[in-house]
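Beneath this line is the structure, given in C-alpha cells, with notes to follow.
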C-alpha cells in the first residue's frame with residue numbers, strides 16, 4: 001500500500017499501547033528463553049529413550065540457541081521489509097510447528113532438525129523483532145520497559161521447570177512436547193498485538209524503483225539495506241559489538257558453574273541450589289531497577305552500562321576469593337550482588353543500541369549484534385571449561401569471565417563522545433560510512449531532513465512531523481536527545 | 001512390705017494367669033519382674049532390650065557376627081550366658097558363657113549364611129535378656145518410581161531398574177493378576193528387549209498395545225535371594241495429549257481473531273471519524289495500517305500535536 005507521504009514520523013508513545021507490547025516481550029521471552037532454560041527435564045527422558053549420551057542430547061539446545069542467534073539478522077531484515085507483526089506471527093508459527101513435529105520424532109537427528117533448526121528459526125523471527133518493537137514504542141522509558149519485559153525469562157524458568165516435569169510425568173515426553181508446541185503457538189497471538197507504528201514499508205519505499213525489480217543486483221542491494229550490513233563499517237557500532245561480544249563471553253560462566261563451584265568449595269546440594277535461586281531473584285530485581293534508574297536520565301546510558309558491566313566483572317573476580325574461606329554468607333552475598341548487576345546490564349545492553357546507531361537502523365543493528373555476540377557465547381563457555389580442566393578449580397574460569405567483562409567495559413569507553421557529558425552528535429547521519437550503493441538509495445531521502453535538524457535544536461523546526469516528537473520526548477537533563485532522537489525518529493523504522 | 005520371695009511368687013502367678021488367657025505357652029523362661037515404668041508385654045516373658053543391625057549380602061558365605069555389650073541393663077555380673085537364634089528359633093548347642101573382660105562382654109561367632117534371616121545373640125541371666133539382632137537381607141532396589149511410566153500405542157517405552165551392587169543376572173516378569181509371567185525376549189516378532197548394564201537393567205517394550213499396561217517386576221537374581229522392584233506402565237493413545245493441545249490451539253485462534261477484529265473495528269471507526277472531521281485531524285489515519293486513534297493515548301497526543309504545531 002503506497003502512502004501519499006513517503007515519510008511518516010513515528011513518535012514513541014512511551015505508554016498506552018506500549019505497555020501491551022512490553023507484555024508481548026514478557027510472554028515471548030518466557031516462551032523462548034524460559035522454555036530453552038527448562039528443557040533439561042526432557043533431556044533425561046531423551047537419554048533413556050534414544051539410548052544416547054548426554055552430550056549428544058545437549059546438542060539439541062545448542063543447535064536451537066545457535067540457530068536463534070545466527071538467524072537474528074534474517075529476522076530483522078524481514079522485519080525491515082514486511083513489518084514486525086507478520087514476522088513475529090510467522091516466527092511463533094514456526095516455533096510451534098517445530099516443537100509439534102518434534103513430538104513425533106523417531107531419531108535424534110529428527111529432534112535436531114525439528115527442535116533445533118525449525119524452532120530455532122522461529123525463535124529468531126520472534127525475539128529480536130519483539131525487542132525492537134518495544135524499543136520503538138518507548139524512548140523515554142525504554143530501559144524500564146526492556147527491564148520489565150525481560151523479567152519474563154526469570155519468572156518463567158521458575159514456573160516452567162515444575163510444569164514441564166508434570167507434563168512429562170502425565171503425558172511422557174511426546175505428549176509434553178506436543179503441549180509445548182501448542183504453548184508456543186501463543187506467540188502468534190502475541191505477534192498480532194504488535195501494532196505497527198508508522199508505515200511498514202519505508203525501507204522498501206526508500207529503495208524506490210529498485211523494489212520492483214527482481215534482478216540479482218537489486219535483490220542483493222535490498223538484502224544489503226534490510227540487513228543493515230552497512231553497519232559493519234560504522235565505527236561506533238563495531239566498537240559496541242566488540243564490547244558486547246566480550247560481555248557475552250563472560251556473562252554465562254557463573255550461570256553454568258556457580259552450582260559446581262559451590263559444591264566444589266564444600267557446600268551441600270541444597271545450599272548450592274539456593275545460591276543460584278537467590279542470584280536469580282536478584283537478577284529479576286536488577287533488571288527492573290536498573291531499567292527504571294537509567295530512565296531517570298541522571299546519567300548517560302553508556303555510562304550506566306559501563307557501571308553495571310564493571311560491577312558485574314568486579315563481583316565475578318571477587319567470587320572465588322569470597323567463597324574460598326568456606327563462608328557461606330560471603331558466597332551468598334557475592335552471588336546476590338553478581339546476580340543484581342548481571343540482571344541490571346541486560347536491558348541496558350539492548351536499549352543502548354538506538355543511542356549508538358539511531359532508531360531507524362536499530363532493527364538491523366539488533367540482528368547483527370545478536371549474531372556477532374553469539375561468537376562470544378560460543379567461545380566463552382568452552383574456554384572456561386577448559387580452564388577448569390587444566391587448573392582443577394573454577395577460580396580460573398571466574399577470573400577469565402570477570403576479565404572479559406572488564407575488558408568489554410574498557411572497550412566501551414572507546415565509543416565516540418563517551419567522555420562527553422551529552423551526546424551532541426552521537427549518531428552520525430546514515431549518509432556517511434556506507435557503501436556508495438546503499439548510500440545512494442537512502443541518501444536522497446534521509447539527508448535533507450537530517451541536515452535540517454542536526455545543527456539546530458530542532459525545536460525551531462516548524463514542520464509538523466518534527467515538533468510533536470520533541471514535545472513527546474522530554475529532554476533529559478544532561479542528555480540532549482532532542483536533536484538526535486528527533487532526527488532519528490524522523491526516519492521511521494520499518495516495523 | 002512383701003519380701004522378695006513373696007513378690008516373685010505373686011508375679012509368677014500373675015504371669016501364669018496372663019499367659020493362659022493369652023493362649024500362648026511360656027517358653028520356660030523365668031517371668032520378668034513388674035516394673036511400673038515399662039509395660040512388659042513380651043510373649044516370652046523376659047524383657048529384651050534390642051539392638052538391630054542391617055546386613056546386606058549378595059551371596060551365601062561365612063559371616064562373622066560379633067556381639068558386644070557394655071553392661072547388662074545396668075548390672076555388671078562377672079559372667080553372662082549368651083545364646084544364638086535364627087529367625088526366632090534357638091540354634092541348638094549355641095549357648096556359651098562369656099566372661100566380662102575390658103569392661104564389656106564380647107562374643108563372636110562365625111555363621112554360614114545361606115539365605116536372608118534374622119540372626120540374634122541373646123545375653124541372658126536368670127530374669128532378663130538383652131538381644132542384638134542382625135537382619136540379613138539382599139540389597140534393595142534403588143530409586144523405585146511410584147508414578148507410572150507412560151508410553152504410547154505403537155511406540156516403544158523403556159522401563160529401568162537400578163540396584164547396587166550388580167547382580168549376576170536380571171529377570172523381568174509381567175504381573176498378570178496374582179501371577180507373574182516371565183517376559184519372553186525371543187518371541188517373533190521381537191517385542192521385548194532386555195539391556196543388562198550391570199547395576200542397571202532396561203526393558204524396552206516395542207509396538208505397545210493397551211494390554212501392555214500394568215506392573216512389571218524386575219528381579220535381581222542374587223545368589224542369596226532375589227531382590228524385586230515393581231515398575232508400572234501406562235499405555236495411552238495420542239488422543240490424550242491431543243485434548244489439551246487442541247484446547248490451547250482454540251484459545252490461540254480465539255485470541256488472534258479477537259485482536260484482529262478489535263483492530264479492524266477501530267480502523268473503521270477511525271476512518272469514519274476522519275471522514276467526518278476532515279483532513280486536518282486525520283493526518284495519521286490515511287491508509288489502513290495505522291491504529292493510533294484506537295487508543296485514547298494516541299488521540300490525546302494527536303490533539304496535542306495539532307495544537308502545538
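Glycine residues also receive a Cβ, built from the backbone N, Cα and C atoms like all the rest.
As annotated by TrEMBL, domain 'Major facilitator superfamily (MFS) profile' applies to A:18-420.
Look at TrEMBL and you will find A:454-481 tagged as region 'Disordered'.
As annotated by TrEMBL, transmembrane segment applies to A:16-36 (among others).
Look at TrEMBL and you will find A:56-75 (among others) tagged as transmembrane segment.
Through the fold, the transmembrane segment (A:87-105) approaches residues 28, 31-32, 75, 78-79, 111, 114-115, 117-126, 129-130, 133, 173-178, 180-192, 194, 495 of its own chain, all at least 6 residues removed from its boundaries and within a Cβ separation under 8 Å. If you look up TrEMBL, you'll see A:87-105 (among others) marked as transmembrane segment.
Beyond the transmembrane segment (A:111-132), the same-chain residues lying 6 or more positions past its ends with a Cβ under 8 Å from any Cβ of the stretch are 21, 24-25, 28-29, 32-33, 36, 46, 59-60, 62-72, 74-76, 78-79, 84, 87-88, 90-99, 101-102, 105, 146, 149, 177, 184, 187, 190-191, 194, 350, 362-363, 366-367, 370, 493, 495. The feature transmembrane segment is assigned by TrEMBL to A:111-132 (among others).
Sequence annotations record features per position, and here TrEMBL assigns transmembrane segment to A:144-165 (among others). Note on the transmembrane segment (A:144-165): residues 18-19, 22-23, 25-31, 33-35, 37-42, 131, 134-135, 137-138, 176, 180, 280-281, 283-284, 287-292, 294-295, 343, 346-348, 350-351 of its chain, located 6 or more positions outside it, place their CB under 8 angstroms from a CB of the stretch.
Summarising the annotation, TrEMBL assigns transmembrane segment to A:171-194 (among others). Counting residues 6+ beyond its ends, the transmembrane segment (A:171-194) has Cβ neighbours under 8 Å at 20-21, 23-24, 27-28, 31-32, 35, 42, 45-46, 49, 84-93, 95-104, 115, 119, 122, 126, 129-130, 133, 164, 495 in the same chain.
Under the heading transmembrane segment, TrEMBL lists A:237-258 (among others).
The transmembrane segment annotation in TrEMBL covers A:270-289 (among others). Packing against the transmembrane segment (A:270-289) from elsewhere in the chain are residues 144, 147-148, 150-151, 154-155, 157-158, 254-255, 258-259, 262-263, 328, 331-332, 335-344, 346-347: each is 6 or more residues past its ends and has a CB under 8 Å from a CB in it.
For A:301-319 (among others), the entry in TrEMBL reads transmembrane segment.
Look at TrEMBL and you will find A:331-353 (among others) tagged as transmembrane segment. For the transmembrane segment (A:331-353), the list of distant contacts is 131, 135, 142-144, 146-147, 149-150, 154, 240, 244, 247, 251, 254, 258, 262, 265, 267, 274-276, 278-287, 289-291, 294, 301-302, 304-305, 308-309, 311-312, 315-316, 318-319, 322-323, 362, 365-366, 369: same-chain residues at least six beyond its ends, Cβ to Cβ under 8 Å.
Residues or ranges marked as transmembrane segment by TrEMBL: A:365-387 (among others).
The annotation transmembrane segment is assigned in TrEMBL to A:393-415 (among others).
When each of the listed stretches A:16-36, A:56-75, A:237-258, A:301-319 is scored by C-beta pairs under 8 angstroms to the transmembrane segment (A:393-415), A:237-258 comes out highest. Tertiary proximity for the transmembrane segment (A:301-319) is limited to same-chain residues at least six positions away from its ends with a CB under 8 Å from its CB atoms, namely 143, 247, 250-251, 253-254, 261, 290, 293-294, 331, 334-335, 337-338, 341-342, 344-345, 348-349, 351-352, 355, 398-399, 401-406, 408-409, 412-413, 415, 418.
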